[in-house]
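Below is one structure; the comments refer to it alone.
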Amino acid sequence: MTVQMEYEKDVKVAALDGKKIAVIGYGSQGHAHAQNLRDSGRDVIIGVRPGKSFDKAKEDGFDTYTVTEATKLADVIMILAPDEIQQELYEAEIAPNLEAGNAVGFAHGFNIHFEFIKVPADVDVFMCAPKGPGHLVRRTYEEGFGVPALYAVYQDATGNAKNIAMDWCKGVGAARVGLLETTYKEETEEDLFGEQAVLCGGLTALIEAGFEVLTEAGYAPELAYFEVLHEMKLIVDLIYEGGFKKMRQSISNTAEYGDYVSGPRVITEQVKENMKAVLADIQNGKFANDFVNDYKAGRPKLTAYREQAANLEIEKVGAELRKAMPFVGKNDDDAFKIYN
């Protein structure tokens, strides 16, 4: 199925005009949505629990309230807290204060699609999911363009949910560069699969395996790091700019030939079957339930995974090498300023 890219000219209704907007959470996505919408002339308040996020939102000039207070004041409520805390936050502080005709939005379909959150039938449910981290959503908006976004409607109680979703996307700058309509199911399952099988899980496992093969064969860890990790950015940037074609036009004939003959030896049909199993665990809710249950138990699995990852040899080698490369990691510092 193909989808049509839409732009500012396609946003026909200023559905947020006259609406009080509450952004719930002031982290990576929260600060970007709130600031961009405010700069687009929208009436935005922040709902967040006391702490660093609360203080940061006030410092940035927002009227800042508890989540309960913000929900009571708002017509449109965008929930941008971390996925794992949204259910308890919604049930305790948002749901009791919703009114018929309100709209509730998300930047990821996780809690709605897997039914951890169930919104009353007389409330709209929409999505605006920028395809980039919050600091990039904010920076590109300030530069006069934006980050593309997906939008979706899960529940249209008022007949205006799609207009709200599209106008929200316009307000954060996404419609400047392109919007794609999707569904909660499609966005959620594809996003999780991309993260797990390719972008995060698949990529880090591939890099680590390559590093281990080289070092176990007696090659210097520092050189192995450069070959399998440091140069990754150069290749990904080429693919990002012009697809596989530009990357292959930019590398040597030797590298291109090796790409064709050895890539399929690494990513075999068995690997593809493993990817299908990952997708199945996403589709049937196993991953979602495991993740949420781990959070409710105090994150024992996630904590153990983090400790194990921090002790990888490639991480230790990389940390030392990057000390000699001050130009690495100096951009986009705001990516790490997550206000909890």
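Glycine is treated like the rest: Cβ placed from N, Cα and C.
Annotated NADP(+)-binding residues in Swiss-Prot are Y26, G27, S28, Q29, R49, S53, D83, E84, I85, Q86, and among G134, G144, G146, G159 the one listed with them is G134. Over the domain 'KARI C-terminal knotted' (183-328) the predicted model carries a mean pLDDT of 97. Annotation for the binding-site residues E195, E227, E231: lowest Cβ count within 10 Å of the residue's own Cβ, E231. In the three-state DSSP reading, S252 (substrate binding site) counts as coil.
When the Cα of I85 (NADP(+) binding site) is compared against those of the binding-site residues D191, E227, E231, the shortest separation belongs to D191.
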